[in-house]
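*Asks:* Here TrEMBL flags 183-292 as domain 'Acyl-CoA oxidase/dehydrogenase middle'. The FAD binding site feature in TrEMBL is assigned to Thr187, Gly226. As annotated by TrEMBL, domain 'Acyl-CoA oxidase C-alpha1' applies to 330-480. Taken from TrEMBL, the feature active site, proton acceptor applies to Glu466. Annotated domain 'Acyl-CoA oxidase C-terminal' per TrEMBL: 528-657, in sequence order.
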Amino acid sequence: MEKVNFRTKIICRHLNQETPSPNLLLQSIPCLSYNPPELSEPSAIFDTKEMRKLMDGHNFVEKDWLFGLMLQSNLFNPIERGGKVFVSPDYNQSKEQQREITMKRIGYLLEHGVFKKWLTGKGPEDELRKLGLLDCLCIYDHSLAIKVGVHFFLWGGAIQFFGTKRHHDKWLKDTEDYVVKGCFSMTELGHGSNVRSIETVTTYDSSTGEFVINTPCESAQKYWIGGAANHATHTIVFSQLIIDGENQGVHAFIAQIRDENGDICPNIRIADCGHKIGLNGVDNGRIWFDNVRVPRENLLNSVADVSPDGKYLTAIKDPDQRFAAFLSPLTSGRVTIAASAIYSAKIGLATAIRYSLTRRAFSVTPNGPEVLILDYPSHQRRLLPLLAKTYAMSFAANHLKMMYVKRTPEMNKVIHVVSSAFKATTSWHNMRTLQECREACGGQGLKTENRIGQLKGEYDVQSTFEGDNNVLMQQVSKALFGEYVAAKRSKKPFKGLGLEHMNTSRPVIPSQLTNSTMRQAQFQNDIFCLRERDLLERFAAEVSQCQAQGKSKEYAFTLNYQLAEDLGRAFSDRAVLHTFLDAEAFVTSGPLKNVLDLVRSMYVLVTLEEDAAFLRYGYLSMDNAAIVRKEVAKLCSELRPHALSLVSSFGLPDAFLSPIAFNWVEANAWSSEQN
């Protein structure tokens with residue numbers, strides 16, 4: 001009855017009121033307006049330029065030069081929105097149009113000297129410049145970066161690392177100048193990650209001094225070959241090499257697939273892979289080889305050769321070691337994926353955080369103003385831990401680049417393991433980040449011009465190419481198992497892969513965590529090392545037990561896949577943390593150190609919160625897990641004032657973000673439609 005009386009009074013009050021004029025109603029509700037976050041947010045307490053240098057790691061001047069170069073040409077599709085110019089590919093184009101404009105962009109970059117010394121340069125400086133400029137291409141368009149990457153890093157890299165002087169002299173300069181356009185034929189319809197079992201077959205004809213390459217069955221067709229469908233003139237063919245009836249394993253050969261007029265060569269068949277969920281600027285194709293003949297000199301012979309009379313020659317007699325030596329140089333793809341995945345995450349976060357610093361929704365007091373969405377703790381929890389992880393993985397990607405450019409043959413195994421772990425970790429992180437950023441932008445995240453949604457489709461492939469992430473993580477665990485067994489058998493200390501912590505006593509985690517303890521680098525390192533150490537010991541014990549029961553080591557690995565994946569993640573997280581600590585060690589600025597300390601603590605604690613392994617295996621008690629969760633929320637509130645400064649430190653030019661990162665009201669105004 002009380003509710004009825006209440007509703008009656010409300011209705012009477014409405015009926016007795018005078019109806020205000022429409023003009024008064026409009027005047028009483030002010031329209032929303034855009035207020036740049038730079039005017040409303042706290043000033044940065046640290047030098048964002050110094051942070052950018054720390055984050056980018058190298059070649060800042062060259063990167064900014066390339067950003068400027070792309071902004072100067074209409075080929076990069078400049079569009080004005082909200083008083084600013086943005087550059088982004090036109091994804092409304094057909095795949096044929098996207099492919100052709102990608103090649104025109106490559107021509108423009110070639111003409112302006114972007115690719116100078118990408119294959120003919122010497123030393124770490126030239127390699128770092130190449131990696132830095134590739135980062136810029138990824139930031140603009142993943143198709144452009146992949147198209148360039150296949151040509152230089154896969155085709156060109158194979159000639160560099162699998163070939164010898166005769167190949168270098170003949171092919172590298174012409175590749176750098178795009179006289180030849182290369183692709184890389186490894187993946188087959190029936191085999192992707194399992195390269196060792198590919199089905200393409202090559203024999204040697206000693207009467208003519210030629211190799212004969214053949215696709216014996218449909219599952220052996222080369223698949224997803226970037227550049228093959230339209231533009232490539234040559235390819236590196238990975239094939240089983242049969243000499244005198246004996247299979248010598250996988251080898252690489254140079255084969256021409258198109259002539260100087262662009263026509264497909266005899267005995268070559270090429271089909272298009274078709275439209276994809278992303279990367280439609282890359283002309284992925286399928287290739288069949290019908291007894292294609294290539295000169296004996298086209299065998300890339302740094303690991304093995306065949307004499308004119310057909311004798312197989314190699315200094316590495318063990319097939320396993322030969323296969324490992326053969327594939328070890330192919331880490332460049334995983335290095336570039338790790339870096340590009342993090343730049344993609346940066347685009348998503350810079351856009352979503354800038355938008356959340358200007359977009360308001362609801363009020364928390366009667367008749368009060370609407371609240372900035374980043375001031376809601378729930379929104380902070382969605383974005384700021386991902387921001388911290390992106391910072392941590394940015395340091396990891398830089399570390400991986402430095403390892404790669406300073407590599408020696410002795411480092412091949414370490415680079416393989418670290419690049420496998422970081423490639424999986426960063427590409428998974430990127431996809432999760434883009435999805436959260438897309439949702440955090442609401443409906444605006446669906447618009448292609450705002451980039452985030454489109455980036456999901458463009459970068460999804462990273463989870464499976466250059467190695468399926470789950471397979472890579474299992475490879476990491478197998479490598480760690482090998483190190484563990486070797487150390488135990490030799491009774492020597494662990495050395496390499498960051499496992500030196502296994503030589504010390506087992507870390508002890510406090511039974512009751514405190515705020516100050518959780519933010520100490522020592523605790524953070526201890527708990528990450530404890531997880532890795534314990535999981536490695538468990539994994540080794542389970543595999544050994546299976547072997548004792550008569551099962552093969554490979555089958556034992558397969559049975560213990562869950563432990564293997566947990567261990568792979570533990571290794572990667574610990575390695576990422578160590579790169580963060582290494583980067584911090586070079587910082588002298590107090591304010592910069594203080595912010596990095598917050599970011600690192602967030603990275604570690606949100607990992608503790610999200611990874612069930614810490615509870616599953618008892619590294620955290622239920623009570624401590626609850627304390628960690630509360631500390632993550634507290635860190636969100638402490639990082640909130642630095643959100644704008646942290647994304648501004650990414651060094652991404654405004655033009656490479658999107659309209660909702662800036663004046664999204666003006667960008668969507670009717671006047672913009674008329675222009």
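Cβ coordinates are placed from backbone N, Cα and C, and glycine is handled just like the others.
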*Asks:* Suppose we draw a 10 Å sphere around the Cβ of Gly226 (FAD binding site). How many other Cβ atoms does it contain, all chains included?
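*Replies:* A count of 25.
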*Asks:* Restricting to the same chain and to sequence separations of six or more, state which residues have a Cβ under 8 Å from that of Glu466 (active site, proton acceptor).
*Replies:* Leu330, Gly333, Arg334, Ile337, Lys423
*Asks:* Is it possible to list how many residues within the domain 'Acyl-CoA oxidase/dehydrogenase middle' (183-292) are helical, extended or coil according to DSSP?
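*Replies:* In the domain 'Acyl-CoA oxidase/dehydrogenase middle' (183-292), the DSSP-based counts are 6 helix, 54 strand, 50 coil.
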*Asks:* Return the average pLDDT for the domain 'Acyl-CoA oxidase/dehydrogenase middle' (183-292) as a whole number.
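*Replies:* Averaging the confidence scores along the domain 'Acyl-CoA oxidase/dehydrogenase middle' (183-292) gives 97.
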*Asks:* Helix, strand, coil: count each for the residues of the domain 'Acyl-CoA oxidase C-terminal' (528-657), based on DSSP.
*Replies:* 108 helix, 0 strand, 22 coil
*Asks:* Provide the number of Cβ atoms within 10 Å of the Cβ of Thr187 (FAD binding site), excluding the reference atom itself.
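*Replies:* The answer is 21.
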